[in-house]
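Written below as structure tokens is the structure these notes are about.
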Amino acid sequence: MEETKSKNKINSILMQLLPWTIPVALIILWQIAVDVGWITSSFIPSPLSVLANGVSLWKSGELPKNISISLYRALVGFAIGGGLGFILGFLNGVSKVMRALFDTTIQMLRNIPHLALIPVVILVLGIGETAKISLVAIGCLFPMYINTYHGITSVDPHLIEMGKSYGLSKYKLFSKVIFPGALPTILMGVRYALGVMWTTLIVAETVSADSGIGYMSTNAQQFMNMKTIFLCIIIYAILGKLSDFIAKTLENILLDWR
Amino acid sequence: MQELITVEDVTKKYGNKTALGNANLKIEQGEFVALVGMSGSGKTTLLRMIAGLEQPTSGQIRQAGQVVDSINTNARVMFQDDRLLPWLSVRENLTFGEHSKKDITEADSLLNLVGLDEYADVYPEKLSGGQKQRVALARALMSHPKLLLLDEPLGALDALTRLNMQDLILQICRKRNFTTLLVTHDINEAVRMANRIIVVKNSMIVRQVENPYQGQDSVDAEAKQTGIVNDILHTIYEKD
Ligand SMILES: Nc1ncnc2c1ncn2[C@@H]1O[C@H](COP(=O)(O)OP(=O)(O)OP(=O)(O)O)[C@@H](O)[C@H]1O
Ligand SMILES: [Mg+2]
């Protein structure tokens, strides 16, 4: 008994480590390949040198400054666009009049890839903060709108009928029946919008900026500074993973009933 | 005896299909009335109109003298599907998230009544079908409804749980003097529980049977109940 128990424990630990074996092996292989000289380090830098580069850029203050400006743009854009998308989705979800007024227009605009708006946004708003934040906001608006709207309109009508029949006030009906019923779909929208937020920001900062991670990367490109380019890619990956983690945690907390 | 529900010349049509034709029915305060009939005969249609979830095409329904012309919040419906909110705990399903002491005390005492006190903090997903229906029953009883409308509340249960639930519902309704309308396929169930049985056939109320043996389980009473059941079955399957 005891033996199988400890065996099971070891098995489960191994199972948790298993997904990491390939990434770790690849990084080690990459380091070795550069060290041995299979790959020229000026072309693809070794993981350790990218890390060292990161540390020195952090110490000089350049990295923290650029990360925080990028984070700021991402979050403000997400808050504005996501918030607007949520409000529109909510209004159109609960009101037939609003739906008739707005939905067709939004559906039409939705079909324009928001990155195609970059030239327009730059011409109208210049290359300042407003331009980049607007692009992120536009990118985040649609996934939030669609998911909120869908979430609210696809709540089980039987549950709504029950709530009305049990004499719930409009507020109670919304807060206890409609909103929680729509929440799983809304959170899917949040997760999707977070993804859009990063890609939009990367493109916006690459095209036009004088600060931010995207700028760091384009700037490094001009100096053939591969270490910094790789560093930026890794930072994007980490930030992407982080927002995914936040979205997942949010789901686990808010949807604990599932 | 005071009249609680009056159904007067009520017809309900969906398109040009009559779901219920020219129904007349009176239910007095404290009565336990069962509505039986074949599938599609119009039972749910009548119950939904009394609940105000559907409006008659013609005729009128009144509860305590007041015309039911919108959702009737003085009636509590226990739907055939439990319609519990999966994101609220069992207790919160009864209180709808209200935290007042009065609501919580009432919810807990009702959960005790249906034998589910241990499950107050559990999400409905963790419950069996029969337990969910008991929660739905407890929810329908919150804040002493004037009228209970039960649409096949025991439909999904096995025979044994079903018998227990029948006893439980009957006990509660008698103890608290509820007025109850029960829709069921099961004539035996109707005759065990109701003091009056309404037979619906081809969208018409064709018969009303008084049942003096309601809730009795002596051998003698059961024999009499069986007689009534057979009589009703005869009405339902009789060729027109
Ligand atoms: N919303 C609706 N739209 C169209 N027809 C309907 C609607 N609701 C009910 N009907 C029709 O009205 C008739 C009566 O339906 P009802 O649901 O009242 O039957 P029932 O006696 O409750 O049947 P069951 O025992 O199967 O639940 C049926 O023929 C049904 O198809
Ligand atoms: Mg029915």
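Cβ coordinates are placed from backbone N, Cα and C, and glycine is handled just like the others.
Automated prediction, rather than curation, is the source of TrEMBL annotations.
According to TrEMBL, the protein carries these features:
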DOMAIN    A:63-247  domain 'ABC transmembrane type-1'
TRANSMEM  A:12-32  transmembrane segment
TRANSMEM  A:38-58  transmembrane segment
TRANSMEM  A:70-91  transmembrane segment
TRANSMEM  A:111-128  transmembrane segment
TRANSMEM  A:177-203  transmembrane segment
TRANSMEM  A:223-239  transmembrane segment
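Contact counts against the transmembrane segment (A:177-203), taken as Cβ pairs under 8 Å, peak for A:70-91 among the stretches A:12-32, A:70-91, A:111-128.
Within its own chain, the transmembrane segment (A:223-239) has Cβ neighbours under 8 Å at 42-45, 49-50, 53-54, 57, 63, 67, 70-71, 74, 198, 202, 213-214, 216-217, counting only residues six or more beyond its boundaries. Proximity of distant same-chain residues to the transmembrane segment (A:12-32), defined by a Cβ-Cβ separation under 8 Å and at least 6 residues beyond the stretch ends, is recorded for 44, 46-48.
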